[in-house]
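Enquirer: Copying in the features that Swiss-Prot gives for the protein in this structure:
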BINDING   7-20, GLY102, ASN165, 190-191  ATP binding site
Amino acid sequence: MKVLGVIVEYNPFHNGHLYHLQQAKKIVSPDYVIAIMSGNFCQRGEPAIINKFARAEIALKNGIDVVFELPTVYALQDAGGFAFGAITLLDKLTVVTDVVFGSESADKNFITTVAKTLLENPDKFDNLLKIELKKGLSFPNARKFALKKFLNENEDFLKMIENSNDILGIEYVKSILKLKSKINYHLIKRIGAKYNDTELESKYSSATAIRNAIVRNNPFETYVPQTSYKVLKREFSYGRGPVSLENMEQFILTFLRLKHRKDFESIYSFTEGLDQRFIKAIKTSKKLSDFLEKVKTKRFTYSRIRRAIFHALFDFKKEYIEFSNKLGTQYARILGFTKKGQKLLSKIKKASKIPIISNPSLHEKVLKKVLTDKDRKWEVNKKLFIWQFEKDIVASNIYTMFYPQKNERKYGLDFRKPIIEGENE
């Protein structure tokens, strides 16, 4: 049995995503396809444009058999944390045979060489990284130049290591190697617009450009499959989107104005004076864009700053994130499945090293059952399971507060919304 895993955000699901999925299936010829998908907040440090259940529905309509949620504590981390959370989830399910990810270079040897080198020589690389960071470079640039020196590579190497998907790909492979996972990995050449392109250009435009068009109320139908377009328009018609960082502006600024520097001491990602820059900037910022601009330096990128805001908002304690990045994902929360996927879920439930959560209301009962089960080798830490799960619930409760339609801003989305049971179209 071949089971393909894809790691996605689908924010929103667009033509490039469909191409990636179709190509992945051609490479692997899987019996089933699993998606590990970010929940209501995404890796760039932004809310998803529509909620996780609607995005899971679109995924099922386009060829995914089962959608699991990537816990918020990983979805809102940098490439390393994001990748580790997703790969540990796939690995602990024990049924996934292959993973396919997009890459600008599609150079498997390059990606593997860099991943192995980073994994085998962490101290030497860390020292080079610190030297570059002291020059005032952003983390991505510091990593790029440190890797160039570390591997003694040429200028072409620098161009490759700048690519968003190549960087993420390196982290995926690094996690697979670190876990000694048996999962096979494959690369697909990324086509169309670049990850960060902000304007619609072709059939394969970036998710960023499509979100910008949606927020500006511009046409976007050409750039997404019809199945995606219909669900997006339905959610918008009910006032359950679009949700954007701009919607949250006053809430975020108010939250930050209530903070003191000491409040950030225990929060993950507040290092190297970021807390001081937050406190200084919020005193003179009337708009979120002003705040981001004032905090930004070569070292602190916009994405890192946005993620740090949500780390503070969701109270991401350093000790728990570090613990999460050591032990990995503690459960597999189902967002949706097809009839075909239901057969796979039966197999997963018998073999998984982490509990499968289908009904969030019963998560405590599920945990208790796992902790008292002596017949199976579970990889679950009680304290971490509870903490990771609670952060998902908090994230949903905050997310729904920013639906355009006030009547839709209900508490307890995770407990009210049933699992999506869809069919491929």
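Positions of Cβ are set from backbone N, Cα and C atoms, glycine also.
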Enquirer: Between the binding-site residues TYR10, PHE13, TYR19, whose Cβ has more other Cβ atoms within 10 Å than any of the rest?
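Expert: The largest 10 Å Cβ neighbour count belongs to PHE13.
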Enquirer: 10 Å Cβ neighbour count around ASN165 (ATP binding site)?
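Expert: Here the count is 21.
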Enquirer: Which ones in the same chain are close to ILE7 (ATP binding site), with CB under 8 Å and 6+ residues apart in sequence?
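Expert: Non-local contacts for ILE7 (ATP binding site): ALA35, ILE36, LEU70, ALA83, ALA86, ILE87, LEU90, VAL99, PHE101, TYR172.
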Enquirer: When DSSP is mapped onto helix/strand/coil, what comes out for ILE7 (ATP binding site)?
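Expert: Where ILE7 (ATP binding site) sits, the three-state DSSP reduction gives strand.
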Enquirer: Just to be sure I understand the packing, how many Cβ atoms besides its own are within 10 Å of the Cβ of GLY16 (ATP binding site)?
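Expert: 23, counting other Cβ atoms within 10 Å of GLY16 (ATP binding site).
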